[in-house]
Ligand code: SF4
């Protein structure tokens, strides 16, 4: 049974994407997404990729929500980056789910991240976003992943069709160097931790700086045999 405040989940028939090439401007991919999926939503953790995607999306005409999940373990710099972006892009609506979460809030044992990181991510990160998406039922998500972030992301296409919704990845073919150059050229408010080697920033409990030669996500859950939070891979993926 569907809760009263939730829209029913329906099977979304795939909308055929044009023949994009690796050189396609991400803004053209976003424009297509806006036309094919006017209800598209953008989750974000405000990493370098996410900040660039927000700027490109605004240029392409996106005026929707940017949805962030507060796990209670975010770096202050990440929360400050969110606030700087919200001030810079008043045409967007910044939504924080689980706002005010705290390690001692009783949602999980405060140190669950150490004993069972998958369970911690499932409760603190994946569940709030899944609940929000059940309520909003967008037919597509704008996502900032790119191929060169990790070997597990090497084949990301511009458009991934799914049973409930499509995932549109306009930055799939942009390298880290290109993202950095774009952010610099447009003076984007990149999380300052990035410049200290935190090329992918998650919770402070589960993130370290990347070492020379490692891929951009090597500092996430390092040594735990975990590479994804569960939002974009695994059985509970969006
Ligand atoms: S990244 Fe770590 S602290 Fe954050 S939700 Fe996942 S396991 Fe918990």
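Even glycines carry a Cβ here, placed using N, Cα and C.
Given the structure is predicted, the values throughout are model-derived calculations rather than measurements.
Annotated by TrEMBL as region 'Disordered', the relevant range among 1-23, 24-46 is 1-23. Across the domain 'Phosphoadenosine phosphosulphate reductase' (41-209), the prediction's mean pLDDT works out to 95. Within 8 Å of the Cβ centroid of the [4Fe-4S] cluster site, not counting the listed residues 120, 121, 203, 206, the chain contributes 71, 73, 113, 117, 124, 125, 202, 205, 221, 229. Highest local Cβ density among the recorded positions 120, 206, 229 belongs to 229, counted as other Cβ atoms within 10 Å over all protein chains shown. A simple way to gauge crowding: the CB of residue 121 ([4Fe-4S] cluster binding site) has 27 other CB atoms within 10 angstroms, across all the protein chains here.
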